[in-house]
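Colleague: Annotated transmembrane segment per TrEMBL: 6-31, 43-66, 86-107, 119-143, 163-187, 218-240, 252-273, in sequence order. What TrEMBL lists as domain 'G-protein coupled receptors family 1 profile' is 22-269. The annotation region 'Disordered' is assigned in TrEMBL to 305-331. According to TrEMBL, the feature compositional bias 'Polar residues' maps to 310-322.
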């Protein structure tokens, strides 16, 4: 058991290190680059903040060895209260992200004119309310018992957990339905735009391409979430239904973190591989982290563009200097014109 514990802790430490690195990079990139601060990217940044809380909570649990330590449910919940809130928040946030994609496809004009700050704040109200209510209710109904492993999913009363897990499954099912309907609407709209006479314009094609990239990135985020965290919720729910005593299923709970880890690291890696703008921002930051050793030519294109732009501007603004040959040509031409004029008068 001790060997298994060390192996699990080593795997968890590596996964959380990648998660902290990626989520911090996402937050810094969006705060640093104005071009990245779109409505969809703001949701990705909020998701990265929630996942960063989960990463740090897991690291604290590794340092204090909570995962394989027996303690009272109330004490364990108090240690993991922020972890609980962040997990519930990110679970409901995916529904808001799916709604955002749906609005951008069904109501594109209104989605563009809505103020970003008010819109993102309004879309985060439900995840905040859901996370707060589930955390408070779970805390109020904590039984006075001990658990063999300090995992926040084991702390609350089993009836409350079944209610919360049922709500999570319903939310995630609704998220999948909205994503599928958005896919259908996007395909139909693209076919209609392709058949119209205005579909050949470069602006329409670029807007369609940008929207499809954002949509595919969100789709991959939701897909990884479903494969990792949602599957853990379903697995544990099935385990609690099959066994008579929850403690029989509790011995497998510490190992479910291996399935959950990709969810807490996905914001960076999905945006890196799916978005050229994010990828460029991440490479710039990695260039600074490594003191210029990584991606040494990342700024060469911008410098060459700046020099070309500067030379073009200078040539457009500054008058051209006349050489000696140019002066001779001008004088010869003027003398010829004077000679012809004299001959004509004569």
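Cβ from N, Cα, C; glycine included.
What's the neighbourhood like for each of these?
Modeller: Along the domain 'G-protein coupled receptors family 1 profile' (22-269), the predicted structure has mean pLDDT 82.
Remote same-chain partners of the transmembrane segment (252-273), defined as residues 6 or more beyond its termini with a Cβ less than 8 Å from a stretch Cβ, comprise 8, 11-12, 15-16, 18-19, 21-23, 25-26, 44, 47-48, 51, 54-55, 58, 67-68, 149, 151, 153-154, 217, 220-221, 224-225, 227-229, 231-232, 235-236, 239, 279, 282.
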Colleague: Sequence-remote contacts (6 or more beyond its ends) of the transmembrane segment (6-31), Cβ cut-off under 8 Å?
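Modeller: Contacts with the transmembrane segment (6-31): 37, 41-42, 44-45, 48-49, 51-52, 54-56, 58-59, 62, 65, 67, 254-255, 257-258, 261, 264-265, 267-269, 271, 278, 281-282, 285-286.
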Colleague: Where, among 43-66, 86-107, 119-143, 163-187, do we find the most CB pairs under 8 A to the transmembrane segment (218-240)?
Modeller: 163-187
Colleague: Under an 8 Å Cβ to Cβ limit, what residues of the same chain, 6 or more beyond the ends of the transmembrane segment (163-187), are close to it?
Modeller: 88, 91-92, 94-95, 98-99, 101-102, 105-106, 130, 134, 137-138, 156, 211-212, 215, 218-219, 222, 225-226, 230, 233-234, 236-237
